Structure formats: structure tokens, C-alpha cells
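Inspection log for the structure reproduced underneath, given as C-alpha cells.
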Amino acid sequence: MIGKKNNTLYIDGCNAVKLAQEYGTPLYVYSESDIVGKCREIRECFLNKYPNTRAAYASKAFSSLAMYKIIEREGLCLDVVSGGELYTAIKANFPAEKIEFNGNNKLFSEIELAVDYGIGRIIVDGLNELDLIEQVCKRKKKKINILYRITPEVESDSHDYIVTGKKDSKFGIPLDEDVISYHIEKAIQSEYVNFLGFHFHVGSQLHDNTSHLAALETSLKLVEQCKKQYNYTIKELNVGGGFGIRYNDEDHKKPYPYFLEPIMARIEEFSQQIGIERPAVVIEPGRSIVGEAGTTLHTIGSIKNIKGIRKYVSIDGGMTDNIRPALYQAKYEGIMANKMGDSKTEKVTICGKCCESGDILIKDINIAHPEPGDIFAIFSTGAYGYSMASNYNKNNIPAVVLVNKGKDYLIVKRQTYDDMIRNELIPDSLK
Ligand code: LLP
């Protein structure tokens, strides 16, 4: 919820410049109203529209205690991918049965944690993992629900690093017939797991459903195989996340997903054809829930004009709080939060303070005349910004503030220098 008052940026009713003064910069600001709006959108276009469906927020996009509280209050489930995310969810009192656990190499200790907490589902990525789960469940005399993540062998229109459904992928179980059949038989026969169905995730930041629909066909064939070959009815299909958001003007021209109607229609039709009840359908949106709700505030410092070439405007963060431009050449929009009314603009390049030439956040953007001390806001940084932040160059991880209709709440404190060296030790030999 971006607004403007007295030439100043407002986020969900809060003055961005005041937030920067109060909490310091860099600062991640999340609009609670926007997050809630996205959750409600999912309810309207999916959960309320189709019975027996769930949406599990892919919390790798932004994981924190407060975020998990919002997700719980909004009635969504949660997808975690590590012991750390699971631990955070449990500490937020997130209902364990509404948690599902993804990941291509879950550790024994993570599986133990998941079984101990009694989480809702483990999305199994291969036979080795099934063995680990069986060992843990046997020892703890427990049984757990599982789905198999398959590699659907589809291409997707996104950056290569965030495409996950190709045949040549570290994610999922390869589709070779004997391999997948062996997996299915093992799961059906296992005393320790309750085999519910199949999962795929084709990629991220997608603006159409071509690859979801292609992957769905592959999953449906497996549903049919289970029925015909083993007389086993699949109860759940998870079609992953990947719904794209708007980062810049170019994205605004693309259709805005959720593109679930054709997916649901196809599953209904297929279930009728093979004579089974339509399985539960689950989606795992991450970016689309938090991406556009997040804005990062920075203070401008050094400004260098390289005559005839470019003006570098340095901010007090960079790739340490947003690695996406350096890693995926991601494009962002930004604005001078304290000079919104200025009609005279100039073309500059916004760069970070890390010792890397690639630490450029926005190349060639038109902004109001920049001066040291100005507050620069970058939009749509809510997904995979804070969650991929690093201590490179020993910069500290910024604070996170939640704003809602004019009120602000600190939800993650700024990391201190002491926090950064807390786990460091000097061996006696160096004292
Ligand atoms: N489910 C699974 C199994 C996933 O691997 C992912 C994302 C999601 C759901 C959520 O996808 P989303 O709805 O957020 O697109 N760091 C990258 C994105 C990596 C996504 C990894 N998996 C970026 O900043 O673009």
C-alpha cells in the first residue's frame, strides 16, 4: 500500500522517512494490509471456490515469527524447507499438522524434528529420504503423511536459476518408469508412511500456466498408474508455487496470475474419467504473498558522476540485503522517498556498498536529484530479500518493520556487530 503525502512516501499509512529515522536504514518495511490482501485473494480465487483445497505459504520467501502468525491467522498452511524454518514455525506456535516440509536433501536431524513435531506432510524427494523417514518413524513408533515430488520434465519461462522442473534437475524423482514404479510400490507398502500423492514445482516468477499444465499431465498419468496397477487411490496433488509478481513496468504488462481455473478443471475432468474422487489440490505460493508487500529503505551516501558515462549513487546496503539483481539480473523500481513531488529527474545508477562491481541494485533509473542523506525506496523487495540477506563484508542484516494502517511494529531487530561475532572464538594459540 504505497501512497504519497507532502511529497513523502507512505507505506500502509506510515511515513517512510520517519520509519527510516526511527529504525535506521537499510530497513525492510512490510505492509501487513498487502500481505493480508494477497492471502484473501487466494481464498477468493482458490480456497473458497473449490472444496478440498489448501494453500501452503512457501516461507522461504520471507520467514519470521510474525509472518507465520499472519499466515496462521489468515488460515493458510505453511511450507518449510529446513530445520530452521520448521523451528521458527513451531516457536510461532504454528499448528504442526498444517506444516509441510519440502527440500531435496533433508537431513536426518531435520526429519527427526519433523516427526517429533508431528507435522502434516513430508514432500519426499527420493528413495534415500524415504529410508530415513522409515528409520525415524520406526524408532519413534510414528507414521507420517508423505507425497512424492516428481521431476516433471518441463521447461519454464524464467531465469535459469529458478527453473526447477527440467529433466536435468536436482529436484524431484526422475520419471524413468522403473524408478518411479519402485518408489510408488515402496510407499504403498510402507508401514511407516501414509502415501497421499504427488507434488511438483516447476519454477518461480511465472506469468503463465503452460508449464504447470504440462507438469500436471505427468502427475495425472501417475495417478492413473496408481489406480490401474496398484488399485491405489491418490488423495492429494500439490502443484507447487511460482506465481509471478510485478517488479517493474514491464511486469505490469504481463497477465497477473493466479491461473488456477484450467488446472482445477483438468483435475476434475481427469478424476471423473478414471472414476476417482477429485484429489485434494494444494498450491505453495511464496513470492506472490509477500513480494509486492515489501519495500526496502536505504540512505544515500556517496555520489560519483563519471562524466558522459554514468552517475553512481551509493546506498547504505546493496547485495547484502538484496542479492537478486546480482544473482538473477532482477530488475526493480525505486523512488526518492523524501522527494516524491520533484518533477525534475536525472538518470542514475543505484549501487550498494559491497566490494563487488556487480553490487548494482538498479541500473539507469530516473530519480529526483539525489543528495547524501536522501532516503531511497526500492519496491517489491518482500520476497527473497531478507531471506537471502548475508553478512558479506560483515555488513549487518537490517531490521524488519511491519506496518499496518498507520501503525508500525518492529518484527526483526537490526543485527548488531556483537551478534555477528557472537559465535566466533579465538584459539588459545592466538591469544
Ligand atoms: N514450492 C517449492 C517446492 C519451491 O521450491 C518454491 C520456490 C516455492 C514453492 C515457492 O515459489 P514462489 O511462489 O515463491 O515462486 N530465490 C529465488 C526464488 C527461489 C525459489 C525457490 N523455490 C528468487 O529470489 O527469485
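Cβ atoms here come from the backbone N, Cα and C positions, even for glycine.
Caution: TrEMBL annotation is automatic and unverified by curators.
When Tyr148, Tyr161, Tyr384 are compared with the pyridoxal 5'-phosphate site residues Gly242, Glu284, Pro285, Gly286, Arg287 in TrEMBL, the one appearing in that site is Tyr384. Counted within 10 Å of its Cβ, the other Cβ atoms near Tyr384 (pyridoxal 5'-phosphate binding site) come to 25, all protein chains included. Annotation for the binding-site residues Gly242, Pro285, Gly286: lowest Cβ count within 10 Å of the residue's own Cβ, Gly286. Counted within 10 Å of its Cβ, the other Cβ atoms near Arg287 (pyridoxal 5'-phosphate binding site) come to 25, all protein chains included.
The Cβ neighbour count for Glu284 (pyridoxal 5'-phosphate binding site), using a 10 Å radius over every protein chain in view, is 25. Long-range Cβ neighbours of Cys355 (active site, proton donor) (same chain, at least 6 residues apart, Cβ-Cβ under 8 Å): Asn393.
Less than 6 Å separates the Cβ from ligand 1 in the case of Pro285, Gly286, drawn from the recorded positions Pro285, Gly286, Cys355 in sequence order.
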